[in-house]
Amino acid sequence: LLTIVSKSNVSVASCFVLLYTDKEEVVLWMNTVGPYHNRQETYKYFSLPFCAGNKKTISHYHETLGEALQGVELEFSGLDIKFKDEVLQTTYCEIDLDKAKRDAFVYAIKNHYWYQMYIDDLPIWGIVGEADENGEDHYLWTYKKLEIGFNGNRIVDVNLTSEGKVRLVPNTRIAMSYSVKWKKSDVKFEDRFDKYLDPSFFQHRIHWFSIFNSFMMVIFLVGLVSMILMRTLRKDYARYSKEEEMDDMDRDLGDEYGWKQVHGDVFRPSSHPLIFSSLIGSGCQIFSVSFIVIIVAMVEDLYTERGSMLSTAIFVYAATSPVNGYFGGSLYAKQGGRRWIKQMFIGAFLIPAMVCGTAFFINFIAMYYHASRAIPFGTMVAVCCICFFVILPLNLVGTILGRNLSGQPNFPCRVNAVPRPIPEKKWFMEPAVIVCLGGILPFGSIFIEMYFIFTSFWAYKIYYVYGFMMLVLVILCIVTVCVTIVCTYFLLNAEDYRWQWTSFLSAASTAVYVYMYSFYYYFFKTKMYGLFQTSFYFGYMAVFSTALGIMCGAVGYMGTSAFVRKIYTNVKID
């Protein structure tokens, strides 16, 4: 399912043929063309009235699921290129420039269109043309000057120089030409993608400072939480032990307050347990996927292969479906849920339905624009097959294991038959206020990294510092757990036992701040425009923020749950 091969007249030999012999064919693939400021708004290269070379045979073509979803549209250029065989400037085709074709090129030049090509999986970028200073005359670059570096029998470097500026005049013929120059290079094959990386951007001192700043925040928070809770809890335990020594009359007259008073309700099932357990299971799965994909990206250079990051994420998400079923199913069983099959279906399809629903909506806009980002029908079928035949069965296995291995409600306190009335408290102790404030510190620990991640995805940077990302993920989890524990402690101390949803939502509110930051990034850090790019940006940023919020909420709840169980285990309950 993860390999989709199109074009029946092409052999399915892998495109990773990286060893060449002298005079062997080297294929120049034309990928996409689109406006520079809208990275995701791409179209097929030949959607502009470019012409192709005369050579029609192709030796290999390969497309993965990740490539199909990312709009990679490889088309053969028709240029005759052979390994170590130099080509002087040669005309490969001519464009009969009528008014319609001229208008298409003028529109592309006005919107700063540029195109992408591939030689031996190495990307090359070139600009379509340029306008004069007054913006009245427009010029097309007609000469592709290729300089290819080789080391032994492997291609390690490709450079493109665009020359031959020709003014666009209707009813003329424009000759398109190319040349190929081969040069020996000392670049190792393993290091050939290093030229595309930008260490000055990603390893800037601000990046290091932000990591150090977040790390110091973690130390401060952990120390603060440990000190406050240990000292406060010690006083609480001492007060409760003193109350145990009182007789019934003194206890009735005493000033009883605090988290011990809600021991009979603190383990009461949350409201809407089916949705809640499905969210927790999905959050645990997203955390697992993030952790595994980052480790894989640290070990393997996924940026060297087209669509490999997305393909890896889809595969890992499908493979970790038992995690979702295990945690969601066991929590639902602990809370006394009986409709476990419905819970399993909701847990299995919660994230895929959100992603596919957003993609389906954006796909309509992409089809209207005839953009290459329009997802083919075959790819949709493949994704649906993965959901129904891989994710759902694995989720079922996890749910059965979770219900049987850890689905018993072994709480340290009995749950009262009648819920305790929740007393009035100050406004800042209300769950709604705690939820709004809970995401500020976790967002503060990651927002610098969000800038680098956004820039790599929405602009033309290749993200490769996955060690930074792993540190930020760990820091985010620690800060989230610390914040939710403190929030839950204050909530329970106010004798409000509605901590399950509060702990989840206070951590998940990080997503709201991330999405708000995406608005700032769009308007002040990019020059995106148009319906397609705007809907693509805000649609998928909503998906990213929601997934991040579900993950943070699950992490916050799991940490808080362990804390609540611990404090009620250590106190004597009548």
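The backbone N, Cα and C atoms fix where each Cβ goes, and this holds for glycine too.
Some features that TrEMBL has for this protein:
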TRANSMEM  206-229  transmembrane segment
TRANSMEM  274-298  transmembrane segment
TRANSMEM  310-333  transmembrane segment
TRANSMEM  345-369  transmembrane segment
TRANSMEM  375-397  transmembrane segment
TRANSMEM  432-454  transmembrane segment
TRANSMEM  466-492  transmembrane segment
TRANSMEM  504-524  transmembrane segment
TRANSMEM  536-558  transmembrane segment
Distant-in-sequence neighbours of the transmembrane segment (274-298), which means Cβ under 8 A and at least six residues beyond its ends: 309, 312-313, 316-317, 320-321, 323-329, 331-332, 335, 337, 339, 342-343, 346-347, 350-351, 466-467, 469-470, 473, 477, 500-501, 504, 547, 550-555, 557-558
Two-stretch contact, the transmembrane segment (466-492) and the transmembrane segment (345-369), at least three Cβ pairs under 8 Å: no
Maximum Cβ pairs under 8 Å to the transmembrane segment (432-454) - stretch from the list 206-229, 345-369, 536-558: 206-229
